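Since the structure comes first, as structure tokens, the remarks are kept for the end.
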């Protein structure tokens with residue numbers, strides 16, 4: 001009998017991995033959720049949220065399974081990126097296609113982070129949200145240097161050191177939304193003659209023909225909140241015990257599902273059908289201190305969340321070559337990282353519509369990353385390795401269900417988001433014409 005030698009692999013722990021997922025999935029989109037309930041009603045909004053959560057959880061499990069199959073049955077080296085998984089199972093062509101879609105989503109996430117950071121910082125300055133000069137200075141003199149510094153991250157274990165700060169920021173951010181929403185809902189005066197009553201909708205109050213586009217658009221926003229799913233191979237590769245990725249996802253998604261529905265419902269309670277696009281900006285009108293506190297928490301959350309997004313974009317680029325620009329923290333590489341942040345700042349300045357941009361990006365690219373690719377890699381990997389599921393019928397049901405959600409997002413989510421974006425652009429154009437007249 002051979003002697004067993006136990007070795008402990010250094011890496012991210014179970015709890016740190018759960019915290020990393022929760023923090024990164026709570027940073028940006030959650031401030032948009034009360035508006036979703038305002039548009040689709042109290043009944044439909046949680047259904048959309050739960051549908052997306054369950055679909056993404058199953059697809060995350062598929063990603064883990066595909067990684068294991070590639071490593072143990074297909075002879076692949078340790079899978080440490082989504083691109084590596086794509087190449088191991090579908091070859092170079094599949095890797096190239098995934099690289100485009102994954103980095104498009106992360107670029108959209110980065111743009112949303114920067115825009116939300118600008119909005120949050122502007123709330124600390126009286127009238128700053130309406131002053132274009134203030135917004136310009138915040139974007140390029142404050143946010144750009146901060147995000148450029150964050151872009152220099154080279155190891156996720158560096159990020160795990162700030163997990164406690166991130167937890168506090170998430171608690172403060174969500175707490176402000178929930179407490180502020182409950183207070184507004186309970187103490188907003190209501191006079192039937194004067195008006196001012198908060199109106200709540202149990203079901204969508206929209207024409208039947210608009211509902212598919214609205215449902216698809218907001219399903220895409222929920223899907224975007226789980227964009228971290230594309231980082232599963234990265235996070236899995238840095239775990240002390242990679243086989244724990246499945247229970248890590250289950251724990252994290254359970255927390256996120258409960259958190260999303262609670263924040264969405266209580267935030268909606270304060271505004272009803274008049275909920276603003278960004279609930280924190282709406283709370284700041286009634287409770288300036290609460291608004292400032294929540295804005296500060298969002299900034300901290302984003303500062304901790306953004307490096308993971310940037311890290312995934314940069315590592316994918318660095319893995320594509322061996323020149324100086326592909327060498328971590330060489331001078332050309334540093335300039336590339338800074339250029340990436342500058343590009344995100346410029347795009348965010350041109351298109352500052354967070355919800356609509358998220359909807360377009362998610363419906364086209366996050367749909368592929370979070371649903372279509374995991375299904376494809378899992379199915380093709382099983383076929384190549386001749387691995388049969390324990391329950392083939394149940395596996396087919398899971399494939400079909402995920403595919404249905406993906407197609408709804410791809411078709412109706414894209415059309416609904418584009419229509420909403422065009423409406424916003426036309427509205428701003430009319431306002432500019434009035435101002436210049």
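Cβ from N, Cα, C; glycine included.
Looking at 192-212, 360-380, the stretch flagged in TrEMBL as transmembrane segment turns out to be 360-380. For the transmembrane segment (215-236), the most Cβ-contacting stretch among 137-153, 334-354, 360-380 is 360-380 (pairs under 8 Å). Taking pairs at least six residues apart, the transmembrane segment (165-186) and the transmembrane segment (248-269) share three or more Cβ pairs below 8 Å and count as touching.
Against the transmembrane segment (360-380), stretch 40-70 shows more Cβ pairs under 8 Å than any other of 40-70, 137-153, 248-269, 289-314, 334-354. Taking pairs at least six residues apart, the transmembrane segment (105-125) and the transmembrane segment (289-314) share three or more Cβ pairs below 8 Å and count as touching. Count of Cβ pairs under 8 Å against the transmembrane segment (289-314): among 40-70, 137-153, 248-269, 334-354, the largest is for 137-153. Against the transmembrane segment (334-354), the recorded stretches 12-34, 137-153, 248-269 differ in Cβ pairs under 8 Å, and the greatest number is found for 137-153. Under 8 Å from some Cβ of the transmembrane segment (40-70) lie the Cβ atoms of residues 33, 76, 79, 82, 85, 88-89, 200-205, 214-215, 218-219, 222-223, 225-226, 229, 232-233, 236, 242-243, 245-246, 249-250, 253, 256-257, 260-261, 264-265, 268, 370-371, 374-375, 377-378, 381-382, 384-385, 387, 398, 401-402, 405-406, all in the same chain and six or more residues away from its ends.
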